[in-house]
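Report on the structure given below.
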Amino acid sequence: MTNIRKTHPLLKIVNHSLIDLPAPSNISTWWNFGSLLGLCLMIQILTGLFLAMHYTSDTATAFSSVTHICRDVNYGWLIRYLHANGASMFFICLYMHVGRGIYYGSYTYLETWNIGIILLFAVMATAFMGYVLPWGQMSFWGATVITNLLSAIPYIGTTLVEWIWGGFSVDKATLTRFFAFHFILPFIIAALVMIHLLFLHETGSNNPSGIPSDSDKIPFHPYYTIKDILGFLVLILLLMLLVLFSPDLLGDPDNYTPANPLNTPPHIKPEWYFLFAYAILRSIPNKLGGVLALVMSILILAVIPFLHMSKQRSMMFRPISQVLFWILVADLLTLTWIGGQPVEHPFIIIGQLASFLYFLLILVLMPVCSLIENKMLKW
């Protein structure tokens, strides 16, 4: 009799995705981040569900409902900080996952890559709206500043912003709709993840060498199930260390002050994982130009597959490209630092140079470097 996992319509899908999936024999820890993102999404949906049971999306009670969760609900503080810091872990894994894709040329799987970009935008939108919900000072002013950017769109801008706000400022209507969207989006993300995996399993995983590995495949279970579980344990350990020892390390103290439309905080800034994009936005003096640069800083990922000039897929055997890649990483860290600094000298010019270098590296230097490497190899 054939095993039920190979015949049952539902179990067959699970079997082909997690058990009998042929996987390259040489994929490194950089390939763990996909499953870690799945774990992060599950943690966020579960903790978010329990938070939603006690949260009220009303301007009068939102802040105090979060306080109530932390003070009065059984382990409410734990659920709240797991959710807040879980978002940080989510973005760490996301950026590592995208970085891995760029380094090893995984972007040549176009459908998988493009759905990944849509997923990135969806997760960023969800995180932004989630940050508004506690209705602290930074929640309110962050929402005001970021939604206001849409007013830079010619002709329809102002109307669009007022439509999103549900009034003439960020108020009760805005908070209610942000809560609704923040609740529904993770489930849309989960559906997109399924499509992401569907397209990935059409081609199979890439591997560090970038060479087709059809001749050397191993079953996903037990080799990569055990490897993923090790990753899960490390992620949970790091998350628990963060939550139990310094839960507010990555947060903003201003968000412990209830939202006040009459009092602007001295430095309005988003959560740390958006600072690089915020720095790019601020580096251009023109409003529309800044918004375009902000969108392009993420959307540029869609252009990367078409700028792949190398005869090799991966950067594993391309030392000059490797140097440029790590300069790009350093540049993004610089932008993250600048995004958290006030708008004054020397931070303005550093931010402008780092923003210029970011686009220059991706659009010009890396493709040109690939061509030079081809010449060096006489290809």
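Backbone N, Cα and C atoms are what each Cβ position is placed from, and that goes for glycine too.
The transmembrane segment annotation in Swiss-Prot covers 33-53, 77-98, 113-133, 178-198, 226-246, 288-308, 320-340, 347-367. Annotation source Swiss-Prot lists heme b b562 binding site at His83, His182. The heme b b566 binding site feature in Swiss-Prot is assigned to His97, His196; the stated evidence is similarity to another entry. Annotated ubiquinone binding site per Swiss-Prot: His201, in sequence order, evidence recorded as similarity to another entry.
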Other parts of the chain folded back onto the transmembrane segment (347-367), taken as Cβ under 8 Å at six or more residues beyond its ends:
279-280, 282-284, 293, 296-297, 300, 303-304, 307-309, 321, 324-325, 327-328, 331-332, 334-335, 338-339, 341
When you check the transmembrane segment (178-198) against the transmembrane segment (320-340), do you get at least 3 Cβ pairs under 8 Å, counting only pairs 6 or more apart in sequence?
no
Which chain-mates of His97 (heme b b566 binding site) that are at least 6 residues away have a CB under 8 A from its CB, listed by sequence?
Phe33, Gly34, Leu37
Thinking of Cβ pairs under 8 Å, which stretch from 33-53, 77-98, 288-308, 320-340 has the most of them with the transmembrane segment (226-246)?
77-98
Measuring CB to CB from His201 (ubiquinone binding site), give everything in the same chain under 8 Å that is also at least six residues away in sequence.
His16, Ser17, Leu21
Distance from His196 (heme b b566 binding site) back to His182 (heme b b562 binding site), taken between C-alpha atoms, in Å:
21
Surrounding residues of the transmembrane segment (320-340) on its own chain - C-beta under 8 Å, 6+ positions past either end:
99, 102-103, 269-270, 272, 274-280, 282, 310, 347, 350-351, 354-355, 357-358, 361-362, 365-366, 369-370, 372-373
His83 (heme b b562 binding site) has how many other Cβ neighbours within 10 Å of its own Cβ?
21
In sequence order, which same-chain residues at least six apart have a C-beta under 8 angstroms from His196 (heme b b566 binding site)?
Thr112, Ile115, Gly116, Leu119
